[in-house]
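Asker: Got a structure for you, questions after.
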């Protein structure tokens, strides 16, 4: 990224040197070894740079061969800073006759969505309330202290321990929603501050890895519910999801598990085991394999604090059992809340839709209430969160009417339901997919 690359653009070279590309040409460059993407009609070759991308190389690869303007705007809070990295990667522009959108996307819808984003910026909806996030962190730390005080005063009887586990679970779940805010850069104006506090919250308060979370979660946001791109729908053959995957499995006679019973074994496998088993193994192995030493140090600080606090009361084995039980409880909370917005929605292969349409197809909202806001960490506003991932969550309700009217204008479905129905729909959609699989398995 030497000076040469930068001077090229600034030194007023004759326009003849700008290379022009067609969409047909750009779309060929979507391979692992050859990745181009388009941002605001400018064409960038990100092949070599992808591995250095702070958000992970996969998220950038998922947009290869496409217009990534809206994804780029959605994820970055300091476009001028990022522009510095983009400049040396610039290889040309879209040819003058080419539309700004690839693959017959509706240019008017895309334009209107960008206007909506601009309106939200003008309304200061991307500005966080320091008081909101301070109180939020405060109530998490208060629960940690309360748990310790309780066991100090009331000892380690079964009933105290059960209440203690519930307090620690609540604190863990809420720290999970809070790390999500910092991970999405939605609290501080400067990325670096968000990153530092993110490491503290996910590392020291939860014992997990910021980089592991970022690299996984941003892929989900860029391509929600899209097989091979969204890690959250990679079910490792344990479940079949949506309407197309079950039929594919059925036709190929794939039966790793009896999928027609997946809505039943879901209760045994998914909520109890996701955090204490699957995530736990994934986080530790990722930190070591990818050499995320800073994340590992933060995670170790969490375990040290936890064991120093609870070994005097419960001993080593008792403390380990308590921790596992807390993770087991938190896992239920986490799974039901995070799956209710996505599993019942469309889950399919890449459709190359525009940003608004692709996010709306994969996402639904849950009715607003003070309890729902707190219990879900404002993920009851999942639609607004997915359209504007860097928006502080206390502003979702303000942008919601604008999003609803834009959707109404273009006939895009905006789905919202009560919390209880959302939970039931997870099981219902798993049953529906399982039945599709069985039918294809037996008859196709």
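For all residues, glycine too, the Cβ spot is worked out from N, Cα and C.
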Asker: With TrEMBL as the source, which of 207-230, 231-254, 303-326, 327-350 is set down as transmembrane segment?
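Answerer: Spelled out, TrEMBL records transmembrane segment over residues 303-326, not the other listed ranges.
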Asker: Any idea which of 170-188, 265-283, 284-302 is down as transmembrane segment in TrEMBL?
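Answerer: Feature transmembrane segment in TrEMBL: residues 265-283.
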Asker: Looking at the ranges 86-104, 105-123, 124-142, 352-370, which is given as transmembrane segment in TrEMBL?
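Answerer: So the range that TrEMBL calls transmembrane segment is 124-142.
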Asker: If you run through the domain 'Cytochrome b5 heme-binding' (18-95) with DSSP, how many residues end up as helix, strand and coil?
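Answerer: Final tally across the stretch: 31 helix, 20 strand, 27 coil.
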